[in-house]
Each structure stands twice: as C-alpha cells, then as structure tokens.
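Copied from TrEMBL, the annotated features are:
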type	residues	note
DOMAIN	47-376	domain 'Membrane transport protein MMPL'
DOMAIN	472-707	domain 'Membrane transport protein MMPL'
REGION	254-273	region 'Disordered'
TRANSMEM	174-191	transmembrane segment
TRANSMEM	198-218	transmembrane segment
TRANSMEM	224-243	transmembrane segment
TRANSMEM	291-308	transmembrane segment
TRANSMEM	314-342	transmembrane segment
TRANSMEM	376-396	transmembrane segment
TRANSMEM	532-553	transmembrane segment
TRANSMEM	560-581	transmembrane segment
TRANSMEM	601-621	transmembrane segment
TRANSMEM	641-662	transmembrane segment
TRANSMEM	668-690	transmembrane segment
Amino acid sequence: MPVKALARFSARHPLAVVVAWVLLAAGLTLAVRWAGPGLDQVISVPGSDSAAAADVLQAFDADEDEATVTSTVIVATDGPVVDQQDEVATFATRLRAVDGVLEVTDPLTADPVVTTPDGRAVVLEVRTDAAVSVDGVALRAAVDDARAAGLQVGASAPLVREVEPPGLTRTSELIGVVVAIVVLLLTLRSFTAAAIPLVNALVSVAAGLAVLHLVGQVVAIPEIAPTLATMIGLGVGIDYALFQVARHRTVLSDAPNGPRSGPSAGVPADPSAAPTAWSFAETTAGTTGRAVAFAGITVALAVCALAITGVDFVAWLGLGTAVVVLVVLLASLMLTPALLALAGRRVLPRGGADDGDAHTGAGWARFARRVTARPVRWGVASVLVLGVLAAPALSLRLGEGSDGDRPVGTERRTTYDLMVAHRGPGASSPLTLVVALDPAATTPEDPRLLAVAAEAAQVDGVQQVGALRLDPSGAAARATVVTTQEAGSEQRPLVLADLRAIDPPTGSEVHVGGISAIVADLSDRIAARLPWLILGTVLLAALLLVVAFRSLLVPLKAALMDLVSVAAAYGVVVAVFQWGWGAHLLGLDGPVTIESHVPMMLFAVLFGLSMDYEVFLLSAVHEARTAGADAREAVVRGVGATARVITAAAVVMFAVFASFVLVDDPTIKMFGVGLAVAVLVDATLVRVVLGPAVMACMGERAWWFPARLGRLVPHVDL
C-alpha cells in the first residue's frame, strides 16, 4: 500500500487505527510472556578454529545425560579457606537446593582438598538444567547469606545473570523519555503536538521489541539486541513522528480553513466545506511521510548489511535492530497520521498559527545564507573541527573486553576481582583446549592427550593446563587453559596462536575454543570484512539517493557527509574509552577495551541514522528547487524549513542515546556515547554548516543527471 494511501486510511479511521496499534502492542507483549524471551548468548565465527572447537564440544555435550550449562562460583575468605569449611559447605548445600541447579562440585570434599594457589579461595562448579530457569530469588538469597557469614562470593556467566540485580536499562530509557518530553515541549509549544511523537515511539517500540523476541524463538537473536534496538527504536520513533508533526503544522498554518478534527471527520459534502483532518494528513504523507519511509528503509537496510560479516552474532544483531526499526516505521506511517487526524488544530501552539516556527526558520535561513555566501571559509572551518573529533580514530585498537572494565561493585566486576586476586589475571577468561581423537581413547592417560597437555603447558604465557576430561565415547577431550595475561592484553593473541600451533600426535586434532578464542576470531573476521561492509552500505545508500533525487553528486555528497559523522563518533569513542578521557564521568575506572563488533555496529546504525537527516533536508531542498529556486537559494530555503526540526530531533536522540551511559555494561556505554555524539554532530555541524557549504560550492552541478541514465532510473518523488 503506498504511503499516501496508508496515511489516508489511518486518518479516515483514526480511532480504529490507534486502538488497533495499542491492542497489537499489548497482545504481542503477552505472547512474549507466554513464549519466553527467545534470545541467545552463543557467539560463533563460522570456519574459524573456535567454531571447530565448538563443534567437537557439541558432540562432547551430546553424550551427556542431560542438556546442562556449567558455571563457576568462586568463594573466598579472609584467611585460609579451610578455616571456614563449615560456611563454605553450608553455601554449597544452599546452592544445591536452588531450583534449576543439578549439581555443585565442592573441592573441599576432595582428597586432597583443592583450593586456589594462595589457599584463600575455592572454586565450585555449578551445573544447571539448560531447559529450566534457575530460581534467581533463591540463588540471590543464598549468595547474600554467604556474604553475611563473611564469605566473598562471585559467580561466572551465565549464572551471574541470576545473581545480579536488574540493570539500569529501564532507568536509562525513562531518563531519555523525560528529556525528550522537555525538548518536544520547548520545540513544539503544544502538549498535544509533543504527545504524538512520544505515543508513536512508546507504542511502536513495545510492539517492535515483542516481535523481536518472537523472532528470537526461531533464529539466534543475541541478548544485547533488545537494548540496542530500544535505543534506536525510541530515537527514530520520536524523530519520524516529529518530522511529520512539524510538516503537518506548516500545512495547517498555510491552509485558509482549518480542518474538522475528530474520529468522525470524513469527506466534505461539497467543495466549499472545510477541509477534513485526513486531507491534511494526506498532504503531510505526500511529502514528509515518503521521506520518513525512505529514511526508515535505509536504516533497516544499513543494519541488515551486517550480514556481510559472515558472523551470525553480528548478522542477527543487525536483523534484530532492523525488525524494530521496520515496526516503528510502519507505526509512523499509520499511528502518527491517525493521531494527527484526531488532534486537528490542537497540534498548533496556543493562538493557532505557528509563527514561532516561521521566525526560527527565518533565523536558520539567514544563517544558511551566510554560510552559502562564503562556503569555502565555513567548509574549511567545519572540516577542521570534524578532523579534530575524528583524529583519535587513527589509534583505534580492537580487543576482548573483560568484566574488569565494569564499574566496581557490580556482580561481574566482583567475580572478576576475586578470580584475578586468587587465581591470576588470566583466570577470568580461560581458554578451552579441545582434542578430537580418532581412534577413540579409553582413558584420560592416553599418550596422545598427555603429549598435547605437556606441549600446551610449555607455551610461553600459559600459567596452568587443567586436567583433560574425556567424553564418554572417548572421541574428544577438553581442558581449561589459564594464561598469565588477562583478556585484552597485547600478548594474549600470541599465546592463542602458539596453542593453535601445537603439533598434534597422530590420530588427534587440537583446537582452541572458549569465549576468548571466539572473540579473537571475531576480531580477525571483522577486520577483514569491515571495508566490504562500508563499501556495500555506502553504495547501497548512494543508489537509493540517486533514485530519490535524480542526481549523481548529491548522493555522493550525502554518503561522504555520513562517513564524516561516523568518523567523528569513532574518534570520540576512542578518546573516551580507549584513552580514558572522562571515563570516570561514565562510571568507569579508566580506559577499557573496545570490542571488535562495536565499530561495525556503530557504522551500520550511524550511517542509517545520518541518512535520516540527509533525506529530510534534501527533500526540502528538492522541493524548493522544484518550486523554481536556484541551487543556492534552494539550500537556504531547505535549511530554513528543516533546521529547527532536525536540531530538535537530534537533541531528542542525543538524550535517548546518552541516557544509556548509566548502564553497567561498557559496550552499551560505547554505543550510547558514539550514537549520541554522532547524531548531535551530524544534525548541527554537518547538516547546517558543512553540507550547505558543499552544496553551494557545487551550485547547479549538484543536480546534474545524465539524460540517458534518467530514462533508466524510475521516478520516486520525496
């Protein structure tokens, strides 16, 4: 259904559409509660050595009697752990009584007693049923009681998720929404107008997240996807509706007769009757609605392009984000026109005409005229500022993050600190040595296993090689390898490479897996595929803009502007997180590692979001040019008509994204900072200064389009 027809239907039946969307969001949410979240935390890099290790381990686990998940719990004391054996034994008994826990191994009952090298801690292995949720309340109560008895307790993933209290994600969302309300009220000066973007965002994001969880029942959507999708969904949900509200107010202000509002509004009985609310919504959809549709599809395609990486985790993360964006887009094309039809002239400020918007638009137009009068001077100045922001990106170094990057006092940081203090820096992120055997072994003392373990122990940087555990079939064995370096250190990849270089005895294969090995393989894969992702996304966006605006230089300029915004975001992320500038203000102790998937995800999301503002601005410029303005005057009019709304939309997005720095996870903080800075820079310095300066320098050449190509490219008016 075309955008205008969709808007016409929604505006003619506004109450039905609004109620349908609310019921849809509620129904989908209830369906998720019934079906379960359906998210996945497994990361795999197809074709890598870690994937080969995972395949062997999968066969290993298939021979177990039950589908189980193993976590470790470290219990430390102030003195020798044997002095508090009773407290440790009581804690182990409490763990065994928790629903979902199948087995707890207690090294204190072994002969001899097994403790950490300093004798002040013991590590329990906890096996849980993969098909049953662990009773988090009982587990937290056991941990709290053990700590009250003087024990220090820390749990590894995945069990730590049941121990840690609910995160600050909801608080972050609430703060972002509150700031958005303030910005919308100041910008629109109407409670009704400000409510429409908020209702659109909240209802559509709720529906989108529910769809995301349901899709997760079928495909491996990562656990981080809902948080990232919420960030993007709230931002675009507010922005897409705000763009339409702003355009709708202009249409209403220019109309000689106001619309008849309300759910019963219909087609006028005769041409002299007052225009209806749906007719104004249709007019809005014919311009801004199409631009919104184009922008939303561009964002979805940009994040779907992450499939180029060939990494399921990254690809499904992009798909999850795209699902929410598309649901938000559909709501923006249906729910927003319906709300506009219900509101009628109440979207205008008190007094009716939107004179404030006109006055502000004239101010932006004057500024744009100043920029286009001296485009070289303004262009060079903006490039210098953007260059300073982007410069730190040249030092970007990817690696494996660790729980040591999290704020002090969080459960994961507590576990990390205990592991490092009592077992060494590499204990928090061990590697898994996997040996495939053909023919099968009958005992862990098989000479092939002993030879592999001995050679692994001689690798420089290896602190300890655990006992090789043989699977029941004898076809595979595995052991935990603890290194002297923690995850993210520069020496860690060398140790991994040396372990993988072990020459296996005849009849065996050696692989190295575990989360650290997977992250290393992921970094290598992303480094190889990132240039292709950038090239593919830029070409796709440029082709879409060629179709939309029938120009060659305008799409090229737009793509380059988006890359500039992304570079600025990369630079700020490196300065804040890798260099540690201002990290304490974000609740971090200092510099942290930038994980390999962060730059790739930032690029895909930022490129799509930057295109939102570019399409909205270019649509206004194109409209002015179609009305007869020359190239430079069209830019001035376009900036005057859109700068206020783009700036307000950027401030809203900035607030939503920046609020996520309150979350404990450093990766989420990186996304929040990177997205917030990029959106603000893009909507101000890039769109209002650099973009108009470049357009002014190009002049009429910006809109040149070969006649032969014009006959091949379809006409799509925005």
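Each residue, glycine too, has its Cβ placed from N, Cα and C.
Curation does not apply to TrEMBL; its annotations are automatic.
Only residues 6 or more beyond the boundaries of the transmembrane segment (224-243), in the same chain, are considered here, and those with a CB under 8 A from a CB of the stretch are 39, 169, 173, 176-177, 180, 184, 187, 196-198, 200-202, 204-205, 208-209, 212-213, 216, 288, 291-292, 295-296, 299, 316-317, 320-321, 323-325, 327-329, 331-332, 336, 601, 605, 609, 612, 616, 645, 648-649, 652-653, 656-657, 660, 663, 665, 667-668, 671-672, 675, 679. Beyond the ends of the transmembrane segment (314-342), by six or more residues, the same chain brings 3, 6-7, 9-15, 17-18, 21, 40, 196-197, 199-201, 203-205, 207-209, 211-212, 215-216, 219-222, 224-226, 228-230, 232-233, 236-237, 240-241, 244-245, 248, 261-263, 265, 277-278, 280-281, 284-285, 289, 292-293, 296-297, 299-301, 303-307, 522, 526, 597, 600-601, 604-605 to within a C-beta distance below 8 angstroms of the stretch. Using a Cβ-Cβ cut-off under 8 Å and counting only residues 6 or more beyond its ends in the same chain, the transmembrane segment (601-621) has close neighbours at 228, 232, 235-236, 239, 243, 287-288, 290-291, 294-295, 298-303, 305-306, 314, 317-318, 321, 530, 533-534, 537-538, 541, 545, 548-549, 554, 558, 561-563, 565-566, 569-570, 573, 634-635, 637-639, 641-642, 645-646, 649-650, 653, 670-671, 674-675, 678-679, 682-683, 686-687, 691, 695, 718. Only sequence-distant pairs (6 or more apart) were considered; of these, fewer than three Cβ pairs between the transmembrane segment (376-396) and the transmembrane segment (174-191) are under 8 A, so the stretches are not in contact.
Spatially, the transmembrane segment (174-191) is not adjacent to the transmembrane segment (532-553); fewer than three Cβ-Cβ distances between them are under 8 Å for residues at least 6 apart in sequence. For the domain 'Membrane transport protein MMPL' (472-707), the mean pLDDT of the prediction comes to 88. Residues 168-169, 171-173, 175-177, 179-180, 183-184, 187, 197, 227, 231, 234-235, 238-239, 242-243, 246, 250, 357, 360-361, 364, 367-368, 586-587, 609, 613, 616-617, 620, 624, 668-669, 671-673, 675-676, 679-680, 682-684, 687-688 of the same chain sit 6 or more residues outside the transmembrane segment (641-662) yet have a Cβ under 8 Å from a Cβ within it.
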